[in-house]
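So the structure is just underneath, and the comments pick up after that.
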């Protein structure tokens, strides 16, 4: 373990390798967790409303079973075809059996996980909190892509993330105090909850989902309430830019719904990495102005 402390490049390399390997599992989480949730909802509906004769699901699906397979020909993926990034490149982005194209997003998620984990290790160095922040980063990646795909932010991700942030503050592993962590979680939830109900009162429409409240609560628990204004501002700016671009490219009306969770996740991660620098720059800009 001393080698990791004295050779930072080794620590960064191992963190990147860990991110690469876990990134492969994140692809499974991103694809399967919404389907698992749907199966659970169907089962609950069938049990709660027997008068509607809802057929309960017969399929069994977990994050580990059954084995991953090609969505087109359903051939199980071989072990040598499951190496992050490299297998996709070796197969030229196609299934080895039916030659159906495999989405480039799979290696992208793996490479992104490796890159961001390496950045976290580089930024925070060899410390217990770094391991936690790597986990924090990986959960944000999974939540981002699930929200992009389904407009859902699963409680299975946001709630454990919130309680982990508070637990780290309680154990004094996190630099955030317990008081700031708890208040950050409460303020994060109530902030978007208030915006949601105000928007609904004024327009009669729902502007965001409850998953967004819980994700901001998790970010507040990890970073403290002081960073919430920055996260909200950054996520709003990024969301506005990408929303306008998407509206222009897809030529859809302003009524089109956009997931807000990815922008919260991006803003939260940026605040984690460079929040102090951004805050200093902003204050210096105000003083200089």
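These residue numbers are counts, starting from 1, taken along the chain as shown.
Including glycine, each Cβ sits where the backbone N, Cα and C put it.
As stated in Swiss-Prot, the feature transmembrane segment covers range 182-202 out of the listed 182-202, 203-223.
Using the rule of three or more Cβ pairs under 8 Å, pairs at least 6 apart in sequence, the transmembrane segment (254-274) is not in contact with the transmembrane segment (10-30). In sequence order, 71, 72, 74, 75, 96, 97, 99, 100 are the same-chain residues whose CB sits within 8 A of the CB centroid of 70, 73, 95, 98, the residues recorded for Zn(2+) being left out. Secondary structure at residue 73 (Zn(2+) binding site), taken from DSSP and collapsed to helix, strand or coil, is coil. Sequence-distant contacts of the transmembrane segment (227-247) (same chain, at least 6 residues past either end, Cβ-Cβ under 8 Å): 184, 187-188, 191, 216, 219-220, 254, 256, 258, 260, 263-264, 266-268, 270-271, 275, 278-279.
Residues 3-4, 63, 68, 82, 84-85, 106, 109-118, 120-122, 125-126, 130, 134, 137-138, 141-142, 145-146, 149 of the same chain, all 6+ positions outside the transmembrane segment (10-30), place their C-beta atoms under 8 angstroms from a C-beta of that stretch.
The Cβ of residue 73 (Zn(2+) binding site) lies under 8 Å from the Cβ of 95, 97, 98, 100, each of these being in the same chain and 6 or more residues away along the sequence.
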